[in-house]
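These notes concern the structure reproduced below.
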Amino acid sequence: MAKKNIKQKKDNRIAIDVKKHIKKVDVGVFGGTFVFTSPLSIAELAPKLNKSTNEIIMRYFKKGVVYNLNTILDEEQIGELCLEYDLDFKIEKNVNTENLLENIAFDDLEADLVARAPIVTIMGHVDHGKTTLLDTIRKSSVTASEAGGITQHIGAYQILKGDKPITFIDTPGHEAFTEMRARGANLTDIVILVVAADDGIKMQTEEAIDHAKAANVPIIVFVNKMDKYEANPDKVLNQLSAKEIVAEELGGDIVFVKGSALKNEGIFELLDSILLIAELNDYKANPNRLAYGTTIEANLDKGHGPLATLLVQNGTLRKGDYLVVGSTYGKIRNMFDEYDNEIEMALPSKPVKVSGFEEVPTAGDKFLALADEKQARAIANDVKQKKIRLERSMLQSSDIRAKIANGELKNINLIIKADVQGSLEALKGIFNSINIEGVTTTLVRSAIGTISESDVRLAQTSDAIIIGFNVRANRIIKDLADSVGVQIMNYDIIYKFKEDLEAWMKGTLDPIIVEEVIGEAKVLKLFKHSQVGTICGCRVINGKIKRNALVRVLRDGIVIYNSKIATLQHNKDSVNEVIADKECGLTIANFNDVKENDIIEVYVKVEKNHDEVK
């Protein structure tokens, strides 16, 4: 039987010309403009400006600043120096395979561009209803499955309003996820700022405003929870006006939509506002090229291995494409939409879940589809080598280990395993947010996946605590950890981990010795004794006094001697303590120069942890 000829459909998508994007900047003066790439030492800068090093050093010396050949001048200083020499200046960037993905520049013709869905990021304070709003829009709910009612990682979804698609990115509201919210703002075309009408603006509201302004994107305010009795939308409008987010009804240019995500009120008006802004801004992309975009989320999936949620920002992504994503690469084996339906392709602004990577990508990494696997592997390897060099450089430049070794710092070693990259980032970010003098944390290992035998062995040798966030160790691994004395701590709520880490860090500090006054006695009469010296006849005026307790002798409010009680009697009997309003006789070790009306302050030294000391 004759074989059928199966024709492969020709792929007409444009591939990035990697060589064309590689650029090495020539540093120097060209046509009255000094072109440079980064901070330079005076020794490096002078010949490029056609000046002597002495001339530049003397310029600063005359300003009262002493520099030498090795002094590094930053970009601003170089710019100022250029202006003094009547030169314009321009900062350019060297582009190589190590930083190619962050420096892709498309030269698409206007005729090749088509309208794409707006990318909308929902931001706002924790518990103000962002996820509920997105759930209402999607007609589904994931809120109940999120521990503590806080969205633990970014989700990206595309919906239809009529026949027009809108892509939504949901960002976590908790303080630990600042980096993820910043990433969401930088990916987006429009920010939806959700503010609860019964609560007003809060910390993350202000942070979201800052991110949106930094990204220079339009803002729509959704005043949520209007169904609440305590709702006060005017308060919200006034608070936001003070932050230069002025509603149209108050003479500004910001669209405000009032409603209730829970009651499905104001949703259609919100969607219409998004589409209106999208139409005005005319968002476009070229679907006829290999895809480029950003990794939204990544995790290790039991069924599919390394899995990443990708947002296509330009081009079309197809099943079977070769991808480089940060320091990893792969060939797309499976592609799923936001509802886990397997699909063959994704157009611009489409979020998809993709499998087929060699390793779990890092959330926030750019991705690029390439014509062949060899090229993808080579670029990924170059990026990986750059990361290794940076890590080694940071380790070598840090003096933390030396301080730990000589006792200047206390240290906690941690191994963190998490279910998804976004959560891992947030946990790592907590280290930067906690600052307790004298204590540091060392992250021995951080990775996505379950807790393994190698984690336990590493924890054993490095004296580390293993943190599992939404991942667990199986019984065999738990038994191994118990047998070698390794502690495994499991979490599913980010702020619980933060609380515990703070407690551990404070717990590693040496206890603070605090003096606590337990009693006072007033000297009423003095008796001289040939063997024991001066006996003080006292009345306890406050608290109690104890034999062998530490004392301060105060005269007119001034401490004149520190010692301890040598003997203590009550009614001629030796006793261990005497309470308030009772009289006693006592002697003070090695001190006889006591006078009537002196106050004997009795105190003890107590060890306290740092939380107890205010």
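Glycine too: its Cβ is placed from the backbone N, Cα and C atoms.
It should be emphasised that the depicted structure is a prediction, and the values quoted were computed from it without experimental measurement.
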Listed range which Swiss-Prot flags as region 'G2', given the options 149-153, 299-303, 529-533: 149-153
Segment assigned the feature region 'G4' in Swiss-Prot (from 224-227, 284-287, 408-411, 440-443): 224-227
Range annotated as region 'G3' in Swiss-Prot, from 138-141, 162-165, 170-173: 170-173
Cβ neighbours of M226 (GTP binding site) where a neighbour is any other Cβ within 10 Å: 21
Lowest local Cβ density (other Cβ within 10 Å) among binding-site residues: G124, D127, K130: D127
Assigned element (helix, strand, coil) containing K130 (GTP binding site), judged by DSSP: helix
DSSP-derived structure type at G124 (GTP binding site), helix or strand or else coil: strand
Same-chain residue ranges lying at least 6 outside the region 'G4' (224-227) that approach it to Cβ under 8 Å: 128-129, 132-133, 194-199, 233, 258-263, 265-266
